[in-house]
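Only one structure is covered here, and it is reproduced in the block below.
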Amino acid sequence: SKLAALFAHPLYSIPIPEVMQKDKLFVVNPMEKFSLRHSGSDEWVSSSKAETLLPTGKTAYDTYPAWLKFHVGINRYELYPRQDPLMPTILKDLATQRIVSSVQKSGGTQLKLIMTFPNYGQALFKPMKQARDQETPRDFFYFSDFERHNAEIAAFHLDRILDFRRIPPVSGRLVNITKEIRDITTDKKLAKTFFISPAGNVCFYGECSYYCSTEHALCGKPDQLEGSMAALLPDKTLAKRRSWRSPWRRSYHKSKKAEWELNPNYCAQVRETPPYDRGHRLLDLIDMTVLDFLMGNMDRHHYETFEKFGNDTFLLHLDNGRGFGTHSRDEMSILAPLQQCCSIKKSTYLRLQLLATQPYLLSDVLREALATDPLTPILAEPHLQALDRRLAKVLDMVARCLA
């Protein structure tokens, strides 16, 4: 396994700083049992009069569902550990746990559902919108592109291979529209949008600001629909997140350009603006840029951090559905932060160099990682080939910076 060899490489065992209590997202007593709060919310709270040891001799923590252990494990330095023993369980739960509730997620331009499992875990379901071998037409603006379920799955694995570990776990899943959405939804607006198509398939379109109409309906075969299931982060009432506008955000306008596209010295002013004027925030942003360039994702207008950790923490790489839309061309403008700032983390650079060598070729290790997903193949072969070509362009740009 090339993937196992990659994760065993010394560059994938660089230690993170010691995690103190203040560096944990949640401070939990592992001897306390958790119970549900009865306020209509699905959040777990510590129950004060819990027995510290269970009759089996295990601590209460041992009985937490995998999603809760994932939440409890988040700290200032990483969303989940490198050799995370929970990961196979979390991915399996996302793919197989019984769905007890499906409601539409509010906001956003395209339809997404929040699915709840019997163990109170929740996942964000993005349905399949286009076939894997379809490329985004050249005449499309980046902001009118579809979100792709397979891009969400591939982005999670790519982020892990790059050792960023800033995307929550994602698994593919085949969902039965009738039994797992229509029959169990309590969302009245969503329920009104189901219909049977002329081809006899079950379809629905939900309510949202763009692609929610009968022309853009999501149809099963006859009621089986592919989608991505992403583990939800802790509720914002428990762990506040801060949203930051990216300095290299695009104009989202058909003819206007953003300032960074017009000013080649744009990075100099970013470096003087908080939070980029100290710490590793700018370097973290450049990590995200490399991830986006490899995927061809032009739609990174904002990113988030956990508020508790202030400026000294990683960026969350959420919402990656507009990646992997084109394999035949590379959007060099995505790399503007790297090109203009000529800065990159040494550890990131060394790992990128490693992934360009034959024993650990990026396309090979990602192909291997994606082969374990229930919806495999996740990416059409030309997308995997494009990764190696794009990686060479990133390394070339760093070499020019060094020169």
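Residue positions begin at 1 at the first shown residue.
Each residue, glycine too, has its Cβ placed from N, Cα and C.
From a predicted model like this one, the values you see are computed outputs, not experimental measurements.
Taken from TrEMBL as is:
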type	residues	note
ACT_SITE	ASP299	active site
BINDING	GLN110, LYS126, GLU147, ALA230, ALA231, LEU232, LEU233, GLU304, ASP319	ATP binding site
BINDING	GLU147, ASP319	Mn(2+) binding site
DOMAIN	194-402	domain 'FAM20 C-terminal'
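Across the structure, ASP319 (ATP binding site) and ASP299 (active site) are spaced 9 Å apart at their Cα atoms.
Of the listed recorded positions, namely GLU147, ASP299, ASP319, the sparsest Cβ surroundings within 10 Å are found at ASP299. Taking the C-alpha positions, the distance from ASP299 (active site) to GLN110 (ATP binding site) comes to 14 Å. Neighbour counts were taken as the number of other C-beta atoms within 10 angstroms of each residue's C-beta; across the binding-site residues GLN110, ALA231, LEU233, the minimum falls on GLN110. Mean pLDDT of the predicted structure over the domain 'FAM20 C-terminal' (194-402): 95. For the ATP site listed in the record, the two most distant Cα atoms among GLN110, LYS126, GLU147, ALA230, ALA231, LEU232, LEU233, GLU304, ASP319 lie 20 Å apart.
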